[in-house]
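K.L.:
Sending over a structure as structure tokens; questions will come in a sec.
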């Protein structure tokens with residue numbers, strides 16, 4: 001055990017030690033150590049997770065005869081239920097795509113898709129700032145990969161040109177809204193690049209965009225009218241949609257390849273039908289949350305201006321607002337100060353973000369008021 005203790009001590013010395021907090025949730029507030037704080041770190045972007053009216057409407061439709069609380073098996077064995085197919089058909093129909101496939105989480109999706117769709121003769125080109133789950137999926141793919149500079153499409157084009165004809169297929173991998181900086185990929189440029197090179201596919205993770213952007217809440221791809229041009233459009237139900245699980249929209253051939261070759265799908269017990277039914281209930285109503293999306297954008301624009309005024313650094317264009325302080329100690333101290341003021345703010349440190357860019361990742365939700373955000377900004 002000595003070697004493990006030394007590792008933990010080293011993390012502590014670098015201000016990188018992590019622990020799981022004891023929390024009590026009360027709507028948009030969190031209580032920790034008897035201190036009630038406004039939650040400024042949630043991914044519940046539309047504020048649906050604590051909406052009691054939604055929850056009541058969902059439960060009432062069953063009259064006590066609820067869907068099963070467990071699937072007890074992989075979908076490929078005995079764990080498939082009609083609600084799974086219903087949700088996949090609804091997702092595909094809303095995106096106006098041929099197929100959709102469900103996964104247990106966004107991590108499961110990103111871990112398994114690339115290994116299932118690549119060979120040792122394939123190439124993956126990923127944005128430098130893609131999520132850790134995508135990096136893990138790339139590593140498991142056992143094929144060549146390069147990471148292009150963040151949102152640097154000239155660099156990506158150079159990599160594509162250098163590798164023309166060398167690989168059986170190429171995947172360009174990006175997030176649409178990046179989880180730490182809150183900035184947005186230029187999907188139009190990525191689609192144009194993809195079309196210039198043979199056997200090249202575009203894989204976009206919309207985890208932080210689904211529900212929040214687009215006329216119907218379908219993400220940045222919908223906002224930019226590019227849904228049909230993206231080969232794999234992945235998103236999660238665990239953030240703005242207040243549920244659990246994830247999806248990919250794609251063509252039928254890719255769906256069948258994933259069903260046959262994606263290990264996290266094949267070898268995992270499927271999500272409980274009860275949870276999938278709740279996801280269906282929320283996803284069906286996604287176009288109705290336009291007021292929440294509009295209000296969230298107003299809150300976000302205000303806080304982005306306030307933080308930029310103080311730091312002169314603001315990469316974000318979304319409701320993820322990074323308050324970049326640089327060093328670990330300063331970031332930890334600021335987070336503790338804001339918590340004492342009644343705001344649950346969390347420090348983000350390396351290796352989650354690059355060295356020297358430690359920050360407080362501020363995350364706004366549509367159930368906050370402008371007065372609450374103004375009062376918070378005054379504490380910065």
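For all residues, glycine too, the Cβ spot is worked out from N, Cα and C.
The following feature annotations were taken from Swiss-Prot:
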- 18, 131, 352: substrate binding site (BINDING)
- 106, 107, 179, 205, 206, 207, 208, 236, 237, 238, 239: pyridoxal 5'-phosphate binding site (BINDING)
- 239: N6-(pyridoxal phosphate)lysine (MOD_RES)
K.L.:
If you run the three-state DSSP split on residue 106 (pyridoxal 5'-phosphate binding site), which class comes out?
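P.N.:
Going by the DSSP assignment, residue 106 (pyridoxal 5'-phosphate binding site) falls within a helical segment, counted as helix.
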K.L.:
Find the longest CA to CA distance in the recorded substrate-binding set 18, 131, 352; express it in Å as a whole number.
P.N.:
19
K.L.:
Measure from the CA atom of residue 352 (substrate binding site) to the CA atom of residue 206 (pyridoxal 5'-phosphate binding site) and give the result in Å, rounded to a whole number.
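P.N.:
Rounded to the nearest whole number, the Cα-Cα distance is 19 Å.
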K.L.:
Just to verify a number: CA distance, residue 208 (pyridoxal 5'-phosphate binding site) to residue 18 (substrate binding site), in angstrom, no decimals.
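P.N.:
Cα-Cα, rounded: 23 Å.
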K.L.:
In whole Å, how far does the CA atom of residue 179 (pyridoxal 5'-phosphate binding site) lie from that of residue 352 (substrate binding site)?
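P.N.:
Cα-Cα distance, residue 179 (pyridoxal 5'-phosphate binding site) to residue 352 (substrate binding site): 10 Å.
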K.L.:
Radius 10 Å, atoms counted are CB only; among the binding-site residues 18, 131, 208, 239, which position scores highest?
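P.N.:
Result for the most crowded candidate: 208.
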K.L.:
In angstrom units, rounded to an integer, how far apart are the Cα atoms of residue 237 (pyridoxal 5'-phosphate binding site) and residue 131 (substrate binding site)?
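P.N.:
That comes out at 16 Å between the alpha carbons.
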K.L.:
10 Å Cβ neighbour count around residue 106 (pyridoxal 5'-phosphate binding site)?
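P.N.:
Step by step: centre on the Cβ of residue 106 (pyridoxal 5'-phosphate binding site), count other Cβ atoms within 10 Å, giving 25.
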K.L.:
Tell me the Cα distance separating residue 106 (pyridoxal 5'-phosphate binding site) from residue 131 (substrate binding site), rounded to the nearest angstrom.
P.N.:
10
K.L.:
By the DSSP assignment reduced to helix, strand and coil, which category contains residue 208 (pyridoxal 5'-phosphate binding site)?
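P.N.:
Looking at the DSSP assignment, residue 208 (pyridoxal 5'-phosphate binding site) belongs to neither helix nor strand, so coil.
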K.L.:
Taking the residues 106, 107, 179, 205, 206, 207, 208, 236, 237, 238, 239 listed for pyridoxal 5'-phosphate, what is the greatest CA to CA distance in Å, to the nearest whole number?
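P.N.:
Spelled out: the longest distance between any two Cα atoms in 106, 107, 179, 205, 206, 207, 208, 236, 237, 238, 239 is 15 Å.
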K.L.:
Only counting partners 6 or more residues apart, tell me which same-chain residues put their Cβ under 8 Å from the Cβ of residue 352 (substrate binding site).
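P.N.:
Correct list: 132, 180.
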